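Visitor: One structure, as structure tokens, below. Some questions next.
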Amino acid sequence: MESLSSCRSSSFTSPLILPPLASAPPKSPRTLLCYCSVSPDPWSLSDGNPDRPKPRSKNPKNPLSDDNARRIIKAKARYLSVLRRNQGPRVQTPRWIKRSPEQMVQYLQDDRNGHLYGKHVLAAIKTVRALSARGEGEYDMRAVMASFVGKLSFREMCVVLKEQKGWRQVRDFFAWMKLQLSYRPSVVVYTIVLRIYGQVGKIKLAEDTFLEMLEAGCEPDEVACGTMLCTYARWGRHKAMRSFYSAVEERGVVPSVAVFNFMLSSLQKKSLHRNVIDLWRKMLDKGVTPNAFTYTVVISSFAKDGHGDEAFKCFYEMKNAGFVPEEVTYSLLISLSNKNGNFEEAVCLYEDMRSRGIVPSNYTCASLLTLYYKRGDYPKALSLFSEMDKYKIAVDEVIYGLLIRIYGKLGLHEEAEKTFKEVEQLGLLRDEKTYLTMAQVHLSSGNPAKALSVVELMKAKEVLFSRFAYIVLLQCYVMEEDLDSAEATFQALSKSGSCDAGSCNDMLNLYIKLGLMDMAQHFISQMRKDQIDFDDELVKAILRFYCRRGMLRDAELFIEDIVATGSFENNKFVQTFYTIMHRESMEQKIAPDSSLNCHHLDLLAVELILTLYMASTNCQKMEELLRSLLESAGGLSVASKLINGFVKGGDATSAENLTRKIVKLCCITDDEAITSLIGQCTENKNLKNAEEIFAGAIATSSGTSLLNSMINAYVKCGKLEDAYLLYVKAVERGHDLSAVASSIIVNALTNAGKHQEAESIIHKSFEDNFELDTVAYNTFIKAMLEAGKLNFAANIYDRMLSMGVSPSIQTINTMISVYARGQKLAKAVQMFNTAHTWGLLLDEKAYMNLISFYGKAGERQEASLLFSKMQEEGIKPGTEEGCLPDPSTYLSLIRAYTESSKISEAEEILRSMKRKGPDAACYRTMLGGYLNGGYVEEGISLFEQIKECVGLDRFVWSVGVLLYRITGMKQKAEGALSIMSSHGISLIENLEVGSKLKTSSSL
């Protein structure tokens, strides 16, 4: 205020300039300028005079205090303007302009510094607002406002009206306004009244006011019309809103985008998506430019009304217009893409959202987790869950349920159970679906007991059981084969409505699994009587039951009933079954010139019908069906697949019967089916049937797979001579045998000790230039190693490399043995190093082979180093099946460690070989190490452990006597010595503790 006073006083100071003093003599060059204290103030308010002097100052960086006052006034004005601008749309703010001195005086007298209105206006506002404390009819507005008559201009009365809060005060003050001389009808004042009526829901008053405005001759503008439209939209009067909008359109008034947004949002809240879309299109036709909020609302309505393409079109228009979509828009479109199966589009939307720095909501994350779960992309699902934890996104029960389901699919049942317990501890476990998801995970892991415990927990928490809960409970009892509980649960499920096909299928399978065929048949009859809504799986289960039991008439009646429902018109299985069984009634009797269209057949249906005919001993129909099938195009392949189906299902009898029928009809199936059938016979040790099938098929086929399967059958059934003869005959007849047959027969002959025959087959394979693989070469090399033909084995390896066949780790192991047995240790080491060069990962067997040969060659230090290297690679002795080192290998290692005084390493070797049992040489070496190193107590401990298992070994007992004597155990020493004497074993006298006595002669 002091600054303002300074400005005010300085504004009325006359700028008079006094004349300068008389000039001094010319000898003084300086000129002295003096000014009166009443000088012109260059910092006063502007009066528009351009001739006013500009301020002069020695230090322009330090302005006068008056300038600071002006700066403060302007800054405060800007601050107040921002505040008022944020109070609502079209708020009136003072215009801060340069005032003349007279205007400034009037401004200060009105005390409007920083205020929007004058004192009298504020007083009027306060007076009218105070009337809100009085009830209806308790005051007279004319009397209350008597002191303000003639003092308020029309604009100021509008201000007073606008600042009111209650609709009664607005109504009464507006009535008083119309009585004033300064009042004139205006659309502005009517709009103010309409707005306030609309805010409190006085729609009838608003409508009357709008009609009054029209009668007063005020043409409504877009603001007035928009106010009425927003009123209707705010209070859900959509029918009146649409009617009023039609009238507005007829008058040519175009509402603003804010009004359209209000209407669109109101319609969408009531799920009137079609009306939203219609209004959106009218808005575009009127040329109104939508904003980000408009796009958000319209995209949501398009998506929810099933117009996905339009939703995405609006989305891309929104982005092209420069608007950034909100998270809710991305979430909606991701969910829409997920439902439509557009997984790639959903992922792209999510990546676009993350690239814009938008943090997804838990609903968006749930949609993406569902997407990844459906696609089976479980690693990405788990990665998304980690990302949620990183960005502190709240995880709800739905997301935890999805995570449990994903863990179940990955087989991580412990993680799923851990997550379930975490949800329970967090207090989020409320939904039935989460319990049942955990129960299903336990069922998928084959643990129905835990699944039942989850259901019991659900009961304890008093969670209501739905039909789905009873279905899961039934699955638990079926898996446990608890018939009584399963039947009780099924009855409870039946009381809640018609049973679903899946539950019926579970009960039927339980009866069949328990061998209760009569109950299963009765259950099927009851289902047909109750007119259960059959699905594809239940139909197959029932027909499978009828066909395997040979119930031909029941199967015919059931398939007729199923087809009559019309629900399976496009079901390939049902149509195939029905067509084949009713060909005669359809006047399509099977004949040589009538065949089936195999391209439209369902293999399971044909298999079940053949099973039905075989079980019902209806051979005629079976042969007719087979003949028709085999004479059609592709029928041979279908028959082969049927045989494979029987074999894979473990029904070898049906497969054999079907094959015999096909052979009888002079139609042989392809090699794949025969091979599968021979293999099944081999597993069942039914060599006779395998020979019959092979004999019937080999006459018309020269397939290599048939010969391989029969040779393998002979070998597995112990008929090596027959296998060898078959192989020789096949080669003599020019059959192109594969590397598999050669490997099988050579390996069998080697195991039987018939090395000469094996060698002849190998030579024959090379002479005939058979195309051999790595397995065949490995078999040949091993066979010649067993036969002692080391040079030939090395030649086979050289041939293998020359033919470009890549060696395996088995090849390396075998060749190390070949070279080591031939006393070519350098080449064995070279072979070992070559494996490293080729990038092959050496296993325990390779290391142990070379260690063993180092030991036998006396290279104990090298054996020790190689053993240490093996341990550095993380390979422990005996971890690989069949790769336990032999005693000589252990002996070499123990000798190497004891001679280098590495007693602890030697002890570790001894402990590691105890599973196989060290021999006496190892124990002698270990005791010698203790003796030479002076480890007396350890030596006594080892002697007492091994004295029973090594027998009366002279060196072992001599060391024991010596150690007893050194420690003063004379009684034990004499006892050991007497035992040696009684068996005629003399004591080695020259043993000393700590000496390096060479005891090899004693060993």
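Along the chain as shown, the residues are counted starting at 1.
Cβ coordinates come from backbone N, Cα and C, glycine included.
What TrEMBL says about a protein is an automatic prediction, not a curated fact.
Computed from a predicted structure; not experimentally measured.
TrEMBL lists these features:
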- 1-21: compositional bias 'Low complexity' (COMPBIAS)
- 1-27: region 'Disordered' (REGION)
- 42-68: region 'Disordered' (REGION)
- 186-220: repeat 'PPR' (REPEAT)
- 221-255: repeat 'PPR' (REPEAT)
- 256-290: repeat 'PPR' (REPEAT)
- 291-325: repeat 'PPR' (REPEAT)
- 326-360: repeat 'PPR' (REPEAT)
- 361-395: repeat 'PPR' (REPEAT)
- 396-430: repeat 'PPR' (REPEAT)
- 703-737: repeat 'PPR' (REPEAT)
- 773-807: repeat 'PPR' (REPEAT)
- 843-877: repeat 'PPR' (REPEAT)
- 886-920: repeat 'PPR' (REPEAT)
Visitor: Where else in the chain does the repeat 'PPR' (221-255) make close Cβ contacts, counting only residues six or more beyond its ends and a cut-off under 8 Å?
Guide: 90, 187, 190-191, 194-195, 197-199, 201, 203, 206-207, 210, 213, 262-263, 265-267, 270, 272, 275, 279, 282, 286-288
Visitor: Please average pLDDT over the repeat 'PPR' (221-255) for the predicted structure.
Guide: 92
Visitor: With Cβ-Cβ distances below 8 Å as the criterion, list the same-chain residues six or more beyond the ends of the repeat 'PPR' (773-807) that contact it, or say none.
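Guide: The answer is 739-740, 742-743, 746-747, 749-750, 755, 758-759, 762, 765-766, 814-815, 817-819, 821-822, 838, 840.
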Visitor: Are there residues at least 6 beyond the ends of the repeat 'PPR' (361-395) whose Cβ is under 8 Å from a Cβ of it, and what are they?
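Guide: Distant Cβ neighbours of the repeat 'PPR' (361-395) are 327-328, 330-331, 334-335, 338, 343, 346-347, 350, 353, 402-403, 405-406, 409-410.
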Visitor: Using DSSP, tally how many residues of the repeat 'PPR' (396-430) sit in helix, strand and coil.
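Guide: With helix first, then strand, then coil, the repeat 'PPR' (396-430) has 28 helix, 0 strand, 7 coil.
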